[in-house]
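Here's the structure, in structure tokens; my notes come after.
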Amino acid sequence: MIREAIYEIVNRNNLTIDKTKEVMNRIMDGGATDAQIASFLTSLRLKGETIEEITACAMVMREKCQKLNPEFDVLDIVGTGGDELATFNISTISSFIIAAAGVPVAKHGNRSVSSKCGSADLLEVLGVNIMLTPQQCEAILKKVGMCFLMAQTFHSSMKYVAKVRKELGIRTIFNILGPLANPAKASYELIGVYDENLVEPIASVLVNLGVKRAMVVHGHDGLDEITLSDTTTICEVNRGRLNSFFITPEQFGLKRCSLSELIGGTPQENREIALNILNGEQGAKRDTVVLNSAVCLYMFYDNMTLKQCLRMAQDMIDSKKALNKLDEFIKASHET
């Protein structure tokens, strides 16, 4: 079955959703050889993954993972990684601001991919216990209004592809599946992608997956976040409808910066950056976090404008509510 699928892909034929799900199920159940997995991933990459193929793979990952079942809508803010720019942890720091503003956040993440410090690495040096069971994560989400979902804890089937992915050393469909496979089935998502050509296709996949509202973003400087150093392309998902547009920092009264001002470092260095921002330090890093947070608040709160959400995000920092949310989260991660 996998051999037939590889044959079709090599001949530049697209797979149906059902056929792709069959192949993905076989891989995620450990029923494919390393050679078959490598051939499937490489040929798919060379052909170019379709919206249907990405949708099918994301569906299987969602089915196979350990799940959270919150009684309320949650938001995720996450990037694909792979932009190779080594920026600081914009989405992770934003999550404390968003949660402090009353939006439940189920942050899905892992250790470093494209930088020296992934979301898990930063949270760990901040003092968060990241190795929690799904039951503990669900309890913390209910108690604190946010949780961290460690990818390796929730997606155990990924062990069947880990060795092949590492040996291949190229981007594959799995680089974009992580943000699409939140174990809490986030209804609201801000997803950053490393390639502008992925913006609208990923938005279409989110429609297929039933997400209520989402923003898929790509900075023209290459960033898989909303950037302050250039224009950002956005495709908005709003209950099945798509709307693509561009934003610039100047539209929101923010000063454009150089990309070098957004570069991060080691986990310890990024810890210092995070605490400086949450303690009120001004500058490009703060403004970038504020803008990404504001877009998430805008998605969740239908009755607010983006500029109002920008002021709310700024207030979450200046009032120390975001810093207090971090402290609350750290404490809960060790007590639950």
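Each residue, glycine too, has its Cβ placed from N, Cα and C.
Annotated anthranilate 1 binding site per Swiss-Prot: Gly79, Asn110, in sequence order, evidence recorded as sequence analysis. In sequence order, Gly118, Ser119, Ala120, Met150, Ala151, Gln152, Gly178 constitute the residues six or more apart from Asn110 (anthranilate 1 binding site) in its chain with CB-CB distances below 8 Å.
His108 (5-phospho-alpha-D-ribose 1-diphosphate binding site) counts 26 other C-beta atoms within 10 Å of its own C-beta, drawing on all protein chains shown. Swiss-Prot lists Gly79, 82-83, Thr87, 89-92, 107-115, Ser119 with the feature 5-phospho-alpha-D-ribose 1-diphosphate binding site, giving sequence analysis as the kind of evidence.
Less than 8 angstroms from the CB of Glu225 (Mg(2+) 1 binding site) sit Gly79, Thr87, Ile90, Ser91, Gly192, Val217, Gly219, Thr288, Asn292, each of them six or more residues away in the same chain. Residues annotated as Mg(2+) 1 binding site in Swiss-Prot: Ser91, Glu225.
DSSP assigns Arg165 (anthranilate 2 binding site) to a helix in the three-state reduction. Here Swiss-Prot flags Arg165 as anthranilate 2 binding site.
The secondary structure of Glu225 (Mg(2+) 1 binding site), as reduced to three states from DSSP, is coil rather than helix or strand. The Mg(2+) 2 binding site annotation in Swiss-Prot covers Asp224, Glu225 and rests on sequence analysis.
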Students should find that the Cβ of Arg111 (5-phospho-alpha-D-ribose 1-diphosphate binding site) has, within 10 Å, a number of other Cβ atoms equal to 16
